[in-house]
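Copied over from TrEMBL:
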type	residues	note
COMPBIAS	1-10	compositional bias 'Basic and acidic residues'
DOMAIN	30-213	domain 'DH'
DOMAIN	254-455	domain 'BAR'
DOMAIN	506-569	domain 'SH3'
DOMAIN	602-665	domain 'SH3'
REGION	1-23	region 'Disordered'
Amino acid sequence: MAKHGADEPSCRSGSLDGEGRASEDRSLLRQRLAVQELIDTEVSYLHMLQLCASDIRSRLQQLPQGDLDVLFSNIDDIIKVNSRFLHDLQETASKKEEQVQLVGNLFLEFQEELKQVYKVYCASYDQALLLVDTYRKEPELQRHIQGIIEAVVPQAGSSGLSFLLVIPLQRITRYPLLLQKILENTVPDASAYPVLQRAVSALQDVNTNINEYKMRKEVASKYTKVEQLTLRERLARINTHTLSKKTTRLSQLLKQEAGLIPRTEDKEFDDLEERFQWVSLCVTELKNNVAAYLDNLQTFLCFRPHEYSLDIPEGPAVQYCNLARDLQLEAFLTFKQRLEGLVWQPLCSLAKALLGPQNLIKKRLDKLLDFERLEEKLLEVGSVTYQEEAARHTYQALNSLLVAELPQFNQLVVQWLGQILRTFVTLQRDLAKQVLQRAEGSMAQLPHHHVPEPAFRKLVEDALGRTSNQLRSFQETFEKVLPPPTTQPLLPGSERQAQALLSRYGPGKLYQVTSNISGTGTLDLTLPRGQIVALLQNKDTKGNSSRWLVDTGGHRGYVPAGKLQLYHVVPSAEELRRQVGLNKDPRCLTPEPSPAPAPSIPTVNQVIAVYPFVARSSHEVSLQAGQPVTILEAQDKKGNPEWSLVEVNGQRGYVPSGFLARAQSPVLWGWSLPS
C-alpha cells in the first residue's frame, strides 16, 4: 500500500506534462494554419487584383479614361507592393523555426509602403462608388459591364464592380486580424511574440492613418471645388448663419490686426504657402507671356508678303516669294499648332490645377479664425458644442492635408514648368533648323554666301558700326533744332494756376500731364494734356508707386505716374533781366555769363514741327513731327508768345510755339551696305 501511494503523485505530474505538450502542439498547429491562411489569402488577393488590372480594365475601354482612372485608382502600385510582399512572405516557409518572427518583421518592413499605396486607393473609393451608381442608371451600359465582370470573375455575382472595388479595402483591414490570430497562438515567452505585437500595432496604425487621410481628403474635396456663381446665386446663399460666421471671423481678424489677441504662428505652413504663391506667380507670368507670344505669332502669320504682286517675273524676288509661301503655309503653321498643343494647353491645365489649392488655402484662413476663437472659448469655458468641435477638426484636417501635400504639389508644379519650358525651347530650335534647311537653296543666291563665317561676322559688325555712326550723326543734327527743354507749353489761361502751385510747392514739385487722363476710381482725377499739378506723394495708400497723389490747385487725387513729367519753369523776361543785373555786380570776380535766350519763334514764316501735337479744340490744329508749318502770327489774341497761329495742310489753328523750330539743312548722306 505504501508503494502504491508513493507512485500516485508521479503519475499525476506525468499526465499534466502530457496535457501541456498537447496544448502547445495544438497552439503551434493553429499558429502554422494561421500563417498558411495569410499566405494563401494573399495569393488569391493578388490574383484578383491582377484580373482587375489586366482583363477587366482592358475590356472596359468604352468608358472614358478619366472614369477608369477613378475606378481603378492606383491599383498598379498596389500590385507592385503586394507582389514583393507575397514573394518575401512565401520565402519564410523555408524557415519553419523562424517563420513567425520573419512574418512579423516583414509586416514592419512594409508598413510605410502599405500605408502610402492604400491611403490613395481608399481616398478615391467613394468617388468610384458614385461612378458605379451612375452606370446603374444606364441599363445598356450596366449590362455590358456586368457581362464582362461575370465572364472574368463569376463569383462577383450581381454586385459587379462594387464587389471588385471593395477588395483592397477589405484586405488592408484584415491584416491586423490575421496577425492577431497568429499572436494568440504564440506563447508569450517566445522570441517572436514581441515582434508580432509590434506588427499588430503597426498595421492598426496604418488603418488609422488611412482613415484620417480619407477624412482629410473628404474635407478638402468639399472646399477645393471652384464654383462659378452669378451675383444673384451668391446673394441667394446668404442667410443669418453665414452672416453671423463672417461677422465673427471679421471681428477675430480685426482684433488680431489691432494686437488685442495673439495670432497663431505656423512657420512651416507659412513657408510652404510662400513657395506656393511664388510658383503660382511663375505659372501666371509664363501663361501671360505665351499668350502674348501666340498673339504676335498670329499677327505675323496674317502678314503674307508673297501674295503681293511685285511685277518681277523671275530672279531672287520670285525665289523669296516661294520660300515665304513655303514657310508661311507649312513651317510656321506647324510650329503654331505644336506650340498650342505641347506648351499652351499643358500650361492652361497647370494653371487650372492651381485653383483647388488656392481655394483650399483661403478656406484654411477662415477655418483658422474659427479655430482660434474656439480655442479661446475652450480656455474660458472648458467645453465646446458638437458643431464647434467639428469646426476645430475641420481646421486641423485642412492644415494637416496642406502641410503634408503642398511640398509634393510645389515640386510637381516646378517639374511641370521646367518640362514646358524645355519643350518651348525645343520647338524654337526645331523651327530654326527647319527654316534654315528650307532656305538653304535661297541662301546660295546671297552675295556673301561664299564668305567664311568669321569674315561674314566681321562684315556685319562693320556695317552695323557705320550705321550706328550715321544714326548718331542724325541724332546730333536733330538735337540742334530742338527747343530748350525748359519750353513746355501751358494750357491757355492756366498761367495763374501754375503760378499759385509754384509759389506754394516750389519748382521741384511741379509736373505736367503728358496725355489725357480719365479717372476710373473714386479718388482718381480726370485731367487734360498739358495740365500742371503739384506732387504730394509718389505712391498710394497701398504703397503702389505707379499711382501718385497730386494737387491741381482745386482738387486732390491720384493719377498714373507714367503720364506725368517734371515741369521746367520758364523764367519771365523781368526775371531774366534781374538775373543779368545780379551778375553785373562789380564785386563778382567771375566772368559775366551770357543769359540763356528766351524761347522765341524764328523770324521766317516756314518752320517745322519737332514734336507731335494733338488738337484739343476747334481753335487748335494737330501736328506731326517733321511736318512743314507756316506761321501766320507768332502769338495768340492775348499777345501770349507761347501759342502761335499757324497753317498746316490748309488748316489754321493754334499750336504751342515751343513745338516749332527753324529747319536746318542736314548733310546729305545715305544708307549703303558693303558689296
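Quick reminder: no glycine exception, Cβ is built from N, Cα and C everywhere.
Whatever TrEMBL says is automated annotation, not expert-curated.
Quantities reported herein were computed from a predicted structural model and do not represent experimental measurements.
In the predicted model, the domain 'DH' (30-213) has a mean pLDDT of 88. When the domain 'SH3' (506-569) is classified with DSSP, helix, strand and coil residues number 6 helix, 26 strand, 32 coil. In the domain 'SH3' (602-665), helix, strand and coil residues by DSSP number 3 helix, 27 strand, 34 coil.
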